[in-house]
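Quick notes on the structure that follows.
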Amino acid sequence: MGKVQLHYFPIRGRAEPIRVALAAKDVEFENAGVDSAEMKSDLTKYKFGQCPRLVDDDVDLCQTNAILRHLGRKHDMYGKGLKEAAAVDEAVDAVEALKTKYLALIYQDELADAAKQTFWDTHCDPASISGRNSGIHLAYISKLAVPGTTWLVSDELSIADIVLWVMYYNLARIFPDTLAAAYPDLAAHQAKLAAVPGVKAYMEGPLCLPKVNANSLG
């Protein structure tokens with residue numbers, strides 16, 4: 001069995017949850033990079049003309065969340081039974097919706113102060129949970145936590161924890177003074193996952209890339 005190859009740009013970006021999931025399970029992988037011309041021309045390898053792309057033995061897969069679900073099934077990060085798997089899916093999709101707003105803040109609004117305030121007021125401030133937010137709010141995600149479980153929706157670490165962890169990390173870089181105060185439960189979740197040996201080693205090692213987004217914002 002060869003080392004897993006992750007084809008992506010030299011940033012964290014959309015590939016970061018994949019890297020963290022692999023690290024959490026101590027799966028060796030390579031940041032294989034991507035040739036932009038090949039990515040657009042070779043639709044056998046890059047089925048949608050984009051990356052990330054994961055090569056894992058005979059699985060050659062594109063689309064971030066499809067890759068995460070593959071890793072979740074393979075490495076027991078998908079909950080126990082259909083009920084927990086459904087809860088994992090629900091949380092992953094909720095984080096994906098928030099990510100679309102985050103990426104718009106980064107790439108379209110370029111972290112302008114007014115846009116940052118609007119993002120916080122609409123999608124993060126716990127006091128605005130009942131406002132107009134298109135069903136996209138960090139407080140909704142926080143409330144998905146199942147009481148009595150070790151992790152977000154299960155006693156086993158799942159890909160739901162991974163995507164939430166990366167999203168929180170990115171938001172904390174933008175709102176360092178307010179996020180933890182507003183969401184102490186998520187801050188605790190963040191610290192717990194950061195202490196997982198494989199994740200800790202990854203964050204301190206060379207596979208963890210310094211640049212979060214392509215435009216160097218965030």
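Every residue, even glycine, has its Cβ placed from backbone N, Cα and C.
Straight from TrEMBL, the features:
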DOMAIN    2-79  domain 'GST N-terminal'
DOMAIN    81-214  domain 'GST C-terminal'
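Each residue in the domain 'GST N-terminal' (2-79) has a pLDDT score, and their mean in this model is 98.
Counted with DSSP, the domain 'GST C-terminal' (81-214) comes out as 86 helix, 0 strand, 48 coil. Across the domain 'GST N-terminal' (2-79), DSSP assigns 29 helix, 15 strand, 34 coil.
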